[in-house]
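So that you can see what the record holds, here are the features copied from TrEMBL:
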DOMAIN    63-146  domain 'GHMP kinase N-terminal'
BINDING   P93, P94, S95, R96, G97, L98, G99, S100, S101, S102, A103  ATP binding site
DOMAIN    227-278  domain 'GHMP kinase C-terminal'
Amino acid sequence: MTTQLHVQIPATSANLGSGFDAVGIALAFYNDMYFTEEPDRQEIVITLEGLGQDSIPTCFDDNLVGQAMKAVAVKNRQFLPKGGTLRLVNRIPPSRGLGSSSAALIGGIILGNALTGSKMTKEDMLSLATVMEGHPDNVAPALYGGLAVSIMVDGRTMTNSIPIEEDLSFVTVSPQIEVSTEKARQALPKTIEYQSAVFNVSRVSFLISSLFTKQYDRLQYGLQDRLHVPYRIRLIPGGSDVLQAAVNAGALGATISGSGSTLIAFAAGQEDHIMHAMIHAFSAHGVEAEGHILKCSNEGARIIP
Ligand code: HSE
């Protein structure tokens, strides 16, 4: 029987302001991957639909999904099928801070594992994805769903995934400007003041506890950050004005999504108004932007039967 697999992987928003490199949330906005084994072929051919057609390599060895599938096959000591088609349907915009590379890695790892004996546990898959990505805050929510808080222990990644209810929405607005994570990380200082570390510890604890206790009016404080947002917001034209516009329009708080360029606002009402205010603020700086109103994806990546 020919193997056919379909995996769906959510977009993610990392950091959530104060949770730099540790906290991320899965969003109900998905990439799909379909693998079909074709014994007559001598290679795995990639077809690409949707976003990233001009930037994402379609050669299996150069593609992130292909690289993740191969890494898993090595770990599982089993060969991938020799021939097949890997169809990638991309909705998550690349290099916009919505976890497109994590979605590629997690999708590839899940596919690769399913095709080579399913020997890896979910935690094994997370640890491999973290090594490949360099930090856990996108790959963890992409795999587990919910709001994921991750730590590294002896080279392994541990994550706690907390479900987020439907009363909270996430407004993402992506400008037509790419910011690579590499460039955004280069913008960070090498050291920070002790007081800034204390500030972030208190803010991220306050963020998670405000979510748990549903004190949504307090989220604005929990989202505050001194480790990365002040250094990165200047890479996004009009960024500070757009964050302010979101809050003025009724958002509970707003920050950079991952390393940008997308900005994300938390909301419990007024979502349309917030999205249009953010798009409008971008356009006042001559920047076109696209918005989405999303819920949290509490399930994470999964094989669709
Ligand atoms: N935590 C990472 C960063 C996420 O902000 O650099 C990158 O998507």
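Glycine is treated like the rest: Cβ placed from N, Cα and C.
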Report task. Specify the count of other C-beta atoms within 10 Å of the C-beta of S95 (ATP binding site). Result -> 23
Query raised in the report: Relative to the Cβ position of P93 (ATP binding site), how many further Cβ atoms are located within 10 Å?
Result: 20
Query raised in the report: What's the most sparsely packed of the binding-site residues G97, G99, counting other C-beta atoms within 10 A?
Result: G97
Query raised in the report: Other than its own, how many Cβ atoms are within 10 Å of the Cβ belonging to S101 (ATP binding site)?
Result: 20
Query raised in the report: For A103 (ATP binding site), which residues in the same chain are close in space, meaning a Cβ under 8 Å from its Cβ, but six or more apart along the sequence?
Result: I9, P10, A11, T12, N31, I92, A142, A301
Query raised in the report: What does DSSP give as the helix, strand and coil breakdown of the domain 'GHMP kinase N-terminal' (63-146)?
Result: 47 helix, 7 strand, 30 coil
Report summary line: Surrounding the recorded ATP site, with Cβ no more than 8 Å from the Cβ centroid of P93, P94, S95, R96, G97, L98, G99, S100, S101, S102, A103 and those residues left out, we find A11, I92, N138, G258
Report task. For the domain 'GHMP kinase C-terminal' (227-278), jot down how many residues DSSP puts in helix, in strand and in coil. Result -> 25 helix, 9 strand, 18 coil
